[in-house]
Structures are given as structure tokens and as C-alpha cells.
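One structure is given below, encoded as C-alpha cells.
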């Protein structure tokens with residue numbers, strides 16, 4: 001079967017939910033028996049988001065093969081239940097880097113290198129590569145940004161050309177826009193959508209479907225107006241209303257026959273999507289009977305998207321126990337030894353996620369101490385594991401000034417030190433220990449019980465690691481190293497035996513959690529928090 005290509009663009013404003021729309025369509029097509037892959041094109045000039053501030057970009061999502069990518073890839077993986085790779089997130093920086101390397105090699109035979117055709121050809125190659133390497137029936141490509149952005153123009157030109165390259169029956173364009181509701185006038189306005197589509201058509205792209213984000217139901221006469229002015233069928237104007245849960249969106253789109261419209265346009269002969277299991281999930285999510293309050297102690301809590309996968313993994317674990325998750329976002333800069341009890345009052349569990357830099361470090365350490373001393377269930381991730389080790393060294397072993405060499409290079413007790421292979425690394429971007437690595441679990445530990453396995457594979461993103469010079473004396477005081485690299489050299493999981501639930505991992509377990517298959521450490525953490 002010829003691979004089909006679907007392009008999802010956005011207009012009017014950003015953050016309309018293009019990623020959720022693309023992921024939801026991917027789930028519907030997968031449930032129709034199609035093999036689906038999905039990718040995101042980001043128009044920024046950074047090679048990847050690895051060195052960008054979370055306030056600029058949200059979380060960095062890490063794939064199995066170690067790519068640092070856009071957070072939308074997390075949505076893709078969770079919705080479609082597939083593992084993506086480095087080719088699933090393409091930036092302008094990657095495109096230009098590749099074009100310039102080819103120019104230096106002489107691949108263009110002395111020609112003048114231009115946006116058209118050289119840059120656009122490189123973009124098209126990344127689209128087609130996704131289909132070739134996965135042997136997918138359908139490739140869904142989300143174009144980041146909004147129509148009209150100067151940065152997006154080469155990407156839009158490239159996807160325009162693809163229709164001519166492979167034929168109209170093999171390409172589909174879905175455009176996401178906004179229909180604002182003006183409270184003062186008491187009416188909805190279609191003009192922004194009309195102008196956005198006009199802009200898109202001026203670039204040579206006629207959308208086949210328009211997905212309109214709206215707070216209120218769109219009247220039939222407005223759908224007719226949009227269809228008329230934008231030259232599409234009325235049934236191809238799809239409503240994307242705010243949902244109680246993200247996981248309801250595929251069902252809302254299916255109810256409006258989006259997957260049927262796509263299959264008809266692309267001449268896809270496939271079964272109807274069986275969404276029985278998905279409907280059961282949504283029904284469960286909307287009717288949770290329990291409640292658990294988790295404190296997430298971090299320094300980027302003003303932007304929850306910085307911890308998006310962590311929050312979703314907590315919710316997935318909650319679904320398994322019929323419990324809603326109430327996340328208390330605690331700014332670690334506000335936590336002190338004097339107010340930690342007040343800051344964490346009434347929580348059932350404490351989570352310290354990953355991060356970099358020294359801001360808010362002492363507040364996180366105080367939160368960990370409080371969890372350890374008050375026997376409150378605790379889960380640490382990446383930096384959270386490192387700080388749990390430092391807290392124990394300071395307050396149980398009495399190693400004054402114990403710290404991480406990342407935060408204090410002159411510490412007398414570098415509990416956390418640079419990985420040996422990192423000592424000569426100068427570049428910051430793309431040089432961390434990234435991606436999927438094995439971890440050997442110790443029998444009789446909380447970690448081994450959670451996974452019910454001997455060797456596990458989890459995704460990593462770090463440059464510093466536990467210093468083995470302190471392993472023996474910390475073990476003597478009850479600090480357990482329950483997971484290590486297969487050769488025993490790198491510490492992967494630590495835990496406390498005399499605590500109801502205290503465990504921390506160097507890896508990022510949140511990246512592999514799924515709504516119907518919660519990650520084991522999160523599952524056990526929520527179960528312990530419910531018991532508290």
C-alpha cells in the first residue's frame with residue numbers, strides 16, 4: 001500500500017491543540033488497523049530543545065534512542081502507544097545543519113544553495129524518511145508555529161510541494177484554528193479562521209479539514225459560513241471543544257467522523273475504529289472515586305508544562321487505583337527548614353523531579369528530609385535521586401558540606417560527580433547520557449518488587465552520577481542501592497528499607513508511562529500515598 005501523508009497546521013494563535021489533534025487522529029487510525037507514525041516539525045533554529053529553558057519550551061521529552069525533543073512527542077507516544085525516535089522531531093536547526101554539511105561536501109555540485117529547492121528538499125526528505133523507516137501506512141506530520149510566521153514558510157512550501165510530488169490522493173491537510181467567543185458581544189467570531197485559511201491558501205495549500213478550537217458549541221450556520229468561505233465541505237468543519245480530560249478528544253473527533261473523512265479522502269480501506277477500551281478509560285477517568293494529594297517540588301512550577309510527563313504519569317497511576325491526583329505545585333525556592341512542614345502540610349506523597357542548576361536546590365533537599373523523617377511516601381527522579389543521596393549524606397552520615405560537583409565544584413564531599421566520559425566534553429547540547437539503558441535490579445528490594453523483573457530498560461538524561469566512593473558507608477547506614485548498570489558501576493535506583501516508601505531513580509520513568517499501563521515506580525508511589 002502507498003504510504004499516505006497527513007499534515008496538521010495551525011493558525012490564529014499557538015497552543016490550540018495541534019499536537020493533541022494529531023495524536024488523537026493517530027489513535028483513531030491505529031484502532032482502524034493502520035500502522036501509524038507521527039512527527040513534529042519545529043521552526044526554531046535550535047538544533048533541539050535540549051538547552052532551552054523550560055519556561056521557553058516546556059519539558060524536554062527523551063526518546064528511546066536519546067533524542068531530546070518537543071513535549072508533543074510525549075502526547076504522541078501516550079495516545080498512540082508507540083515509541084518514537086530522533087527522526088520524529090525535526091527543527092530548522094537540524095535542516096540547515098544538514099544542508100550546510102552537504103554544501104561543504106560538494107553535494108550540490110557548485111550550485112547556489114537556496115531555500116527552494118535545497119532547504120525544502122531536505123524537509124521533504126525528512127517527511128518521506130519517516131514513512132520509509134517505519135513502513136507506516138500513514139505518516140502524520142505536525143507543523144509547529146502558526147501560519148504567517150516567517151520561520152514556518154519553508155516547511156509550508158515543502159508540504160505544498162509534496163502534493164504535487166506524490167499525488168492529491170496521498171496527501172491531506174488539516175488546519176487547526178480558533179473561533180473566539182466575545183463575551184461583551186455575546187457571539188462567536190469566524191473571521192480569524194477565515195483569514196488564517198486565506199493566508200494558508202495564499203501559500204498554495206487548500207485545507208481538506210478545518211478543526212476549530214472553541215469554548216462553546218459552533219452553530220450550524222457558522223459551520224456553513226466557514227465551509228463556504230474556506231471552500232471545504234460542511235462536515236469537514238470539526239469542533240474541538242474543551243474536554244474534561246485530554247483522553248476524551250479522540251472520542252469527540254470520532255463522533256464527528258474525522259477518521260472517516262480522512263479515510264475517504266486518502267482512499268484508505270480499513271475497518272471502523274474499535275474504541276471500546278479507550279471509552280472505558282475515559283469513563284474511568286471521569287468518575288474517579290478516590291483522591292490523593294501529591295506535592296511536586298520543583299523550580300519551574302510556574303509553568304506546569306515543564307513537568308508535563310511527570311504529571312501525566314501520576315495521573316496514569318491514579319487511574320489504576322480509581323484515584324484522582326491533586327498536584328500541589330511547590331516552588332522549591334520558597335521552601336526552607338523553618339517552613340517545610342507548612343509548605344507540605346496535608347500531602348500524601350512528595351515528588352522531586354529532574355532539573356539542572358543550583359536555583360531552589362536547598363528547598364528540594366529540605367522537602368526530601370521532611371519526607372524521610374516524617375515517613376511520607378517519596379519518589380525522586382534524576383536530580384531528585386541525586387539530592388536524596390546528598391540529603392542522606394548530610395543528615396544521616398553527618399558529612400558536612402556534602403553536595404553535587406555540578407552545584408558546588410569545591411564541595412569536600414562530592415556525593416554526586418561528573419560521569420567519567422563527560423570530563424572532556426565541552427559542548428552543552430546533545431552531550432548528556434541520553435536514551436534507553438539497562439538497569440539490573442537487586443532481589444528483595446522495593447524496586448525489584450515494583451518491576452517484578454531482574455533487568456529493566458529506562459530512559460536517561462543526565463551528566464552527573466552517584467560517586468561510588470561513598471557507596472559503602474551509605475549502605476552501612478541503610479541507604480540501599482537497588483538498581484545499577486549491569487556492570488554495577490553506575491547507580492540507577494536508591495531506596496530506604498526503614499521507610500514505608502522512599503525510592504528514587506537516576507533515569508526518567510515518566511517518559512514510558514501510558515494511560516492504560518502506568519509506569520511501575522509511579523504505580524507503587526501512588527499506591528503507597530493512598531495507604532498513608
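Cβ coordinates come from backbone N, Cα and C, glycine included.
Copied from Swiss-Prot, the annotated features are:
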REGION    1-268  region 'Amidoligase domain'
BINDING   14, 149, 150, 151, 189, 190, 191, 192, 193, 194, 225  CTP binding site
BINDING   14, 189, 190, 191, 192, 193, 194, 225  UTP binding site
BINDING   15, 16, 17, 18, 19, 20, 72, 241, 242, 243  ATP binding site
BINDING   55, 355, 383, 384, 385, 386, 406, 463  L-glutamine binding site
BINDING   72, 142  Mg(2+) binding site
DOMAIN    293-532  domain 'Glutamine amidotransferase type-1'
ACT_SITE  382  active site, nucleophile
ACT_SITE  508  active site
ACT_SITE  510  active site
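Note on proximity: among 382, 463, 510, the recorded positions of the record, the Cα nearest residue 191 (CTP binding site) is that of 510.
Residue pair residue 406 (L-glutamine binding site) / residue 19 (ATP binding site) shows a Cα separation of 35 Å. If you check the recorded positions 142, 150, 193, 194, 355, 508 against residue 382 (active site, nucleophile), the ones with a Cα inside 10 Å of its Cα are 355, 508.
A straight line from the CA of residue 55 (L-glutamine binding site) to the CA of residue 17 (ATP binding site) spans 18 Å.
Taking each Cβ in turn and tallying the other Cβ atoms within 10 Å, the top scorer among the recorded positions 150, 382 is 382. Counting Cβ atoms from all protein chains shown, residue 225 (CTP binding site) has 17 others lying within 10 Å of its own Cβ. Calculated from their C-alpha atoms, the gap between residue 142 (Mg(2+) binding site) and residue 383 (L-glutamine binding site) amounts to 32 Å. Per-site Cβ counts within 10 Å over the binding-site residues 72, 406 peak at 72. You'll find the Cα of residue 193 (CTP binding site) roughly 49 Å from the Cα of residue 386 (L-glutamine binding site). Counting only the Cα atoms, the space from residue 15 (ATP binding site) to residue 189 (CTP binding site) is about 19 angstrom. Across the residues annotated as binding UTP (14, 189, 190, 191, 192, 193, 194, 225), the widest Cα-Cα separation comes to 23 Å. Residue 17 (ATP binding site) falls within neither a helix nor a strand when secondary structure is assigned with DSSP, and so counts as coil. With respect to their backbone Cα atoms, residue 386 (L-glutamine binding site) and residue 72 (ATP binding site) stand 28 Å from each other. Across the fold, the C-alpha of residue 192 (UTP binding site) and the C-alpha of residue 384 (L-glutamine binding site) stand 45 Å from each other. In terms of local Cβ density within 10 Å, 508 ranks first among the recorded positions 191, 508.
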